[in-house]
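Chemist: Have a look at this one before I ask anything.
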């Protein structure tokens, strides 16, 4: 019994320590992403506005979600609806990420399908509407349990409880997590995005193979689009790789019962680690990001003067 207690304590301490480290990396990395887009005029395009939206969601994970996840892991005694609201916040920014990724995929699709009309279709007003819709959907999906789909209104045991030890499973219904949050608002968008990127790659490949024009500009355009699409598909792949294990754990919990705490912790940490991955991907895969990262490092970290950025489009 004492050995189990010691192992659980060690697991809790390790989990909290890793959460803090991931949170700090996520905040610093994604603040850099926003800084890069602000500094580099060539990155101030529709796609990168959605990337900024994704970065804001990842910053929120570092600032809000991880501290709240730590509080929930400690099982602090608080009011039921306070605990429920904290768990809902954990979900809002997950869905903000998936909605931002969906917006990015749709934008790249329009870019290659409507080459000539793209700028007329993606007006500033429509971009802001799309961003607002992404966040509105995220808040509505994440806050749904506050309107009744929770353990208090559906469980006899919790109905008369005012204060409780705040645990995710104490307030959040697993049928909501599995059928609504995962199947409807994570899995279906992921499948749609994979289909979009497959079509993007198919269109670009056809355009490059057709060689219908002798213009080097056309070939260069689709070459850049192919590289950008590959980079953004990698971001999508990492999101799926990071979040699907935790969603599968939730499915196992709902259909077959509890999983070991250490497995749950690993799933949570992997999902949260996704928030610090994207800045690394951008640095390695998108040339303009790498150049601006280096500019920031030279100018602000080692106080070395650097040439200003050009405004050419990547």
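Numbering starts at 1 and runs along the chain as it is shown here.
Just so you know, glycine gets a Cβ as well, placed from its N, Cα and C.
Note that the coordinates shown come from a computational prediction; the quantities given were computed from them, not determined experimentally.
What Swiss-Prot lists as topological domain 'Extracellular' is 1-14, 73-84, 149-177, 256-261, and the listing cites similarity to another entry. Residues annotated as N-linked glycosylation site in Swiss-Prot: 4, 12, 160. What Swiss-Prot lists as transmembrane segment is 15-37, 49-72, 85-106, 127-148, 178-198, 232-255, 262-284. Here Swiss-Prot flags 38-48, 107-126, 199-231, 285-314 as topological domain 'Cytoplasmic'. Summarising the annotation, Swiss-Prot assigns disulfide bond to 83-166 and lists sequence analysis as the type of evidence. Annotation source Swiss-Prot lists S-palmitoyl cysteine at 303, citing sequence analysis.
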Chemist: If I restrict to non-local contacts, at least six residues apart, and a C-beta distance under 8 angstroms, what lies near residue 83 (disulfide bond) in its own chain?
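Modeler: Expected: 72, 164, 166, 167, 170, 171.
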Chemist: Any chance you could find the range in 49-72, 178-198, 232-255, 262-284 with the most Cβ pairs under 8 Å to the transmembrane segment (127-148)?
Modeler: 49-72
Chemist: Which range out of 178-198, 232-255, 262-284 gives the transmembrane segment (49-72) the most CB pairs under 8 Å?
Modeler: 262-284
Chemist: By Cβ distance under 8 Å, which residues at least 6 away from the ends of the transmembrane segment (232-255) in the same chain are close to it?
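Modeler: Result: 47, 54, 94, 97-98, 101, 104-105, 108, 169, 174-175, 177-178, 182, 186-187, 190, 193-194, 197, 263-264, 266-268, 270-271, 273-274, 277-278, 281, 285.
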Chemist: What does DSSP say about residue 166 (disulfide bond): helix, strand or coil?
Modeler: coil
Chemist: Have a look around residue 12 (N-linked glycosylation site) and count the other CB atoms within 10 A of its CB, chains all included.
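Modeler: There are 16 of them.
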Chemist: So, in DSSP terms, is residue 83 (disulfide bond) helix, strand, or coil?
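Modeler: Reduced to three states, the DSSP call for residue 83 (disulfide bond) is helix.
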Chemist: Using DSSP, break the topological domain 'Cytoplasmic' (199-231) down into helix, strand and coil residues and give each count.
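Modeler: Secondary-structure breakdown of the topological domain 'Cytoplasmic' (199-231): 28 helix, 0 strand, 5 coil.
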